[in-house]
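Reading through the structure tokens given below for one structure.
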Amino acid sequence: MIKAVLSGDMPRSVVLASILGLILFCLALAPFLFPGVRTVDTAARICVFVVLVASYDLLLGYGGIVSFAHTMFFGIGAYGVALASTHLGRGFDALAGGALAGAGVAAALAFVIGLFSLRVRAIFFAMITLAVASAVAVLVSQLSGLTGGEDGLTFQTPRELGPAFKFGDELFGVKLNGKLLSYYLVFTGSLILFLLMLRVVNSPFGRVLQAIRENDFRAEAIGYRVVRYRVAATCLSAAVAALAGSLYAIWLRYVGPDTTLSMEIMIDILLMVVIGGMGTMYGAVIGATVLVLAQNYLQNLMGAAGSAIEGLPVLPQLLDADRWLLWLGVLFILSVYFFPTGIVGRLRRS
Amino acid sequence: MTSPILATEGLTVRFGGHVAVDAVSCAFQTGELTAIVGPNGAGKTTYFNLISGQIPASAGRVLLRGRDLSGQSVSQRTRAGIGRAFQLTNLFPNLSVLENVRLVVQSNAGQGMNLWSMASRHAELTEAAEAILTRVRLIGNRDQTVSELSHGNQRKLEVALLIALDPAVYMFDEPTAGMSVDEAPVVLDLIAELKEQRDRTILLVEHKMDVIRTLADRIIVLHNGALAADGDPATVMASDVVQEAYMGRELEDV
């Protein structure tokens, strides 16, 4: 049963299985285990980023294709939901329509980019995606009549997903309101998308992608049309990234260039894939969890540590909360140095 | 004489001013094993590259069952029936031995675009791949990663991938290069077996003259990219020109 759900791709390490189980458990019960606006927000962000990073892993870790347009596809999904909700009204039909349209547009755009650039060397694709992503980001901030420009769009989701909607009193001290439903929509959607991708990478198609990553020359010589597979992987990955964007927009009830399209998010995705372990899918879960937690809590943790050792020379300055980005950088360098195959790669080896 | 399965007509490729393959016209019959010989740089591997489509021809055509293959990609030619093993080992280094072969079997089964089923559940593909591994005596290394294999075993796997592909036209580019004396016979026996089937066409680039003498039905000699001799082994090997100019010392110890 578990084997079928995970598409036969077992964690293959007791430690890894325990960590994944713990993450799943915490995310599944986050509103009850860690009640609070900020903690639940962090949990939702982790769910969305797991899907986003996994879809990037499909491209980079399995297909060996470097893309810088992943946030663009993420943004297309988010704006799809926002625009549909703004213009069609606050309904589930608008959410579904916006999400599907976003995924469709993302896949179509990926198809065009892929068809034009994946025939040539893979590096060319990376450059084209960078150019297109920058162009789209500029376009979104300029077309303020449609997209709200730099301010983004705030929109209303169905009443059932808002904090004002109550469907019960309290359960374990947690208010049963629409925000809780909204979280579980994000959680369930993310879980399904992740399991779907796990399915894809373990299918015959996934094996061909790995073969192309390893040796595209030979993959062609045993009869696989390499371009076709690369384009298919790009479209699939783009569509899933767009759906992750839709979930994120539904959760935030807001879209803006900074939350969905920025280059910073692209770099976050890269870090998450590398820290977690490329070409493993489970690496996306661990990478996203570690990095989102670090981004949200490292500052607090360091603030606490800094004040705990007050009085000592130099150390408090080093651990000052304002230096958290420096330490995040150090953590990243160390993890790449010590775990070149990522956390998952390291755990599976031992 | 029946119509040839594979033919090249005036096949030529130029790199800048250098003519690497010079108007080679040659036809190959089903069931025939042709050895292609010639000194280093004679254009043997380039001739293979033109047939399998890795490089486009400057002039001339490749015909498979009378159909012009010009403009067809490598994968299209592969599916049409031209299979190739490479001189420099060319595998999927971080995948297992079994997975390497299974990828070929899966390609033949047309399962590549299957996104839904689990690859590990396709028992028929796994069994077919295991059968090939047994034939090349690599079954013991089934789950090893390719990059960990010895050179000789990598060469065997190189041949195994071609055998798994089972094309109408087999092209072997120095299949035993760098193999030990113990290992080479495994590969040569496999080629002999294929030849015995008499329903496959085999092109073999090989330097070892004893191998050629036992296996070849016919020898063609390339020199400076051009066809210098073509005929049954006895005639070609006996011709003085060929002996002196192209076989050199290799024939002396025969």
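Any Cβ shown, glycine's included, is placed from N, Cα and C.
What TrEMBL says about this one:
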{"type": "TRANSMEM", "residues": "A:14-34", "note": "transmembrane segment"}
{"type": "TRANSMEM", "residues": "A:46-74", "note": "transmembrane segment"}
{"type": "TRANSMEM", "residues": "A:94-116", "note": "transmembrane segment"}
{"type": "TRANSMEM", "residues": "A:123-143", "note": "transmembrane segment"}
{"type": "TRANSMEM", "residues": "A:181-201", "note": "transmembrane segment"}
{"type": "TRANSMEM", "residues": "A:231-251", "note": "transmembrane segment"}
{"type": "TRANSMEM", "residues": "A:271-294", "note": "transmembrane segment"}
{"type": "TRANSMEM", "residues": "A:301-319", "note": "transmembrane segment"}
{"type": "TRANSMEM", "residues": "A:325-345", "note": "transmembrane segment"}
* With pairs restricted to those 6 or more apart in sequence, evaluate whether the transmembrane segment (A:181-201) and the transmembrane segment (A:94-116) have 3+ C-beta pairs under 8 Å. => no
* Asked: By a Cβ-Cβ criterion of under 8 Å, what residues six or more beyond either terminus of the transmembrane segment (A:325-345) are in contact with it?
  -> 16, 271, 273-278, 280, 282-283, 286-287, 290, 294-295, 298, 302
* Honestly, do the transmembrane segment (A:231-251) and the transmembrane segment (A:46-74) touch, with at least three Cβ pairs under 8 Å and pairs 6 or more apart in sequence? -> yes
* To do: Answer with yes or no whether the transmembrane segment (A:301-319) touches the transmembrane segment (A:46-74) by the criterion of at least three Cβ pairs under 8 A, sequence separation 6 or more.
  => no
* **Contact set, same chain, for the transmembrane segment (A:123-143): CB under 8 Å, 6 or more residues outside the stretch** => 65-69, 71-72, 75, 79, 109, 113-114, 116-117, 149-150, 257, 261-263, 266
* **Long-range Cβ neighbours of the transmembrane segment (A:301-319) (under 8 Å; 6 or more residues past either end)** => 327
